[in-house]
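Pulled from Swiss-Prot, these are the features on record:
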type	residues	note
BINDING	His43, His69	heme binding site
BINDING	His234, His239, His257, His261, His339	Zn(2+) 1 binding site
BINDING	His260, His315, His319, His336, His340	Zn(2+) 2 binding site
DOMAIN	8-86	domain 'Cytochrome b5 heme-binding'
DOMAIN	219-361	domain 'Fatty acid hydroxylase'
TRANSMEM	168-188	transmembrane segment
TRANSMEM	213-233	transmembrane segment
TRANSMEM	271-291	transmembrane segment
TRANSMEM	292-312	transmembrane segment
Amino acid sequence: MAPAPPPAASFSPSEVQRRLAAGACWVRRGARLYDLSSFVRHHPGGEQLLRARAGQDISADLDGPPHRHSANARRWLEQYYVGELRGEQQGSMENEAVALEETQKTDPAMEPRFKVVDWDKDLVDWQKPLLWQVGHLGEKYDEWVHQPVTRPIRLFHSDLIEGLSKTVWYSVPIIWVPLVLYLSWSYYRTFAQGNVRLFTSFTTEYALAVPKSMFPGLFMLGIFLWSLIEYLIHRFLFHMKPPSDSYYLIMLHFVMHGQHHKAPFDGSRLVFPPVPASLVIGVFYLCLQLILPEAVGGTVFAGGLLGYVLYDMTHYYLHFGSPHRGSYLYNLKAHHVKHHFAHQKSGFGISTKLWDYCFHTLIPEKPHLKTQ
């Protein structure tokens with residue numbers, strides 16, 4: 001027989017107040033206490049919105065308005081559970097706790113919302129690399145991978161390969177921006193020589209000259225095309241549903257994108273690591289060189305590469321930044337968080353929602369009484 005779980009810690013109202021005075025952000029749901037101090041800067045509604053509710057019962061906030069939090073958001077909250085509120089019940093705050101606690105006892109439907117995350121009973125062993133385990137999940141993989149957790153992920157046994165599978169955010173601009181600048185300078189000089197022609201592989205008589213004044217337009221075309229590529233890759237490759245009986249396709253999905261949905265705030269896995277990124281970027285470069293004249297294809301590639309850098313930096317900021325309420329990035333952050341926690345089959349645009357509008361995959365705005 002398995003040993004009984006240890007009793008939950010308990011805190012008096014005065015103990016909670018001392019922690020709040022020290023700067024911690026504790027909230028409660030009924031008598032259950034949660035320490036959100038490490039999460040406040042990630043909150044999609046902004047840090048101040050969450051800190052303003054420190055010490056309060058957030059039950060009404062979870063149910064809306066402005067929106068009803070999803071099952072994943074409630075499950076996420078349970079990972080910050082620290083114990084129970086005890087002691088003399090004073091004022092409306094404590095009376096609400098008693099009332100909600102009684103509701104929990106009589107309403108079985110509320111039980112899953114208060115279920116504590118048990119790492120020892122998860123479908124995988126978090127003490128071991130995950131990549132070799134996820135393929136065995138089969139039909140359970142898709143549901144499991146879309147239930148986000150707060151902890152970091154280890155993929156490989158080898159420290160070397162593990163190190164190559166993650167990176168810091170600033171490696172992206174450090175490595176790729178100098179290449180963008182070099183390619184832009186090099187291909188602009190080629191345009192300036194006046195020897196760039198289109199359709200020379202088909203005809204010399206009707207080949208079209210490409211003046212250097214076209215350089216900015218081609219560069220911007222590359223940025224624009226990247227936004228479409230970003231959308232298509234995210235929607236059709238990253239969000240493919242691997243066959244439940246394919247061990248290796250499940251592994252492939254997890255290493256490409258599933259790991260990010262499982263641990264959305266693992267900062268070392270938010271941007272593409274340089275080594276695998278260089279292989280993909282190299283393929284795009286070769287394709288453009290085969291299709292277009294060198295200077296034209298290279299200029300479009302340079303713009304696309306800058307578009308990729310902007311995408312990765314935007315993606316990182318949407319997870320770890322705190323944009324001003326009502327700003328473009330604030331709305332983009334809210335859109336992306338909904339994609340992670342509730343709408344994994346829509347909202348595929350990261351740096352822009354343009355293509356979600358075009359392909360009708362925009363996350364719908366719903367009244368707060370409906371779960372988002």
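Quick reminder: no glycine exception, Cβ is built from N, Cα and C everywhere.
Positions of the features from Swiss-Prot, shown on the structure.
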{"residue": "His43", "record": "heme binding site", "CB count, 10 Å": "17"}
{"residue": "His69", "record": "heme binding site", "CB count, 10 Å": "20"}
{"residue": "His239", "record": "Zn(2+) 1 binding site", "CB count, 10 Å": "18"}
{"residue": "His257", "record": "Zn(2+) 1 binding site", "CB count, 10 Å": "17"}
{"residue": "His260", "record": "Zn(2+) 2 binding site", "CB count, 10 Å": "20"}
{"residue": "His261", "record": "Zn(2+) 1 binding site", "CB count, 10 Å": "19"}
{"residue": "His315", "record": "Zn(2+) 2 binding site", "CB count, 10 Å": "20"}
{"residue": "His319", "record": "Zn(2+) 2 binding site", "CB count, 10 Å": "19"}
{"residue": "His336", "record": "Zn(2+) 2 binding site", "CB count, 10 Å": "23"}
{"residue": "His340", "record": "Zn(2+) 2 binding site", "CB count, 10 Å": "22"}
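Sequence-distant contacts of the transmembrane segment (168-188), counting only residues of its own chain at least 6 positions beyond either end whose CB sits under 8 Å from a CB of the stretch, comprise 212, 215, 219, 267-268, 270-274, 281, 294-295, 298-299, 301-302, 305-306, 308-309, 312-313, 316. Using the Cβ center of His234, His239, His257, His261, His339 for Zn(2+) 1, the list of other same-chain residues with Cβ within 8 Å runs, in sequence order, Phe238, His260, Gln344, Phe348. Here the C-alpha separation of His340 (Zn(2+) 2 binding site) and His261 (Zn(2+) 1 binding site) works out to 6 Å. Helix, strand and coil counts from DSSP across the domain 'Cytochrome b5 heme-binding' (8-86) read 30 helix, 17 strand, 32 coil. Beyond its flanks by at least six residues, the transmembrane segment (292-312) meets 169, 172-173, 176-177, 179-180, 183-184, 186-188, 190-191, 196-198, 200, 210, 215, 218-227, 229-230, 271-272, 281, 284-285, 350-351 of its own chain at Cβ-Cβ distances under 8 Å.
Highest Cβ count within 10 Å among the binding-site residues His234, His339: His339.
Close to the recorded Zn(2+) 2 site, the chain also has Pro264, Leu270, Leu318, Val337, His339, Ile350: residues not among His260, His315, His319, His336, His340 whose Cβ is within 8 Å of the site's Cβ mean position. His319 (Zn(2+) 2 binding site) has its Cα within 10 Å of the Cα of none of the binding-site residues His69, His234, His239, His257, His261, His339.
You'll find the Cα of His339 (Zn(2+) 1 binding site) roughly 14 Å from the Cα of His43 (heme binding site).
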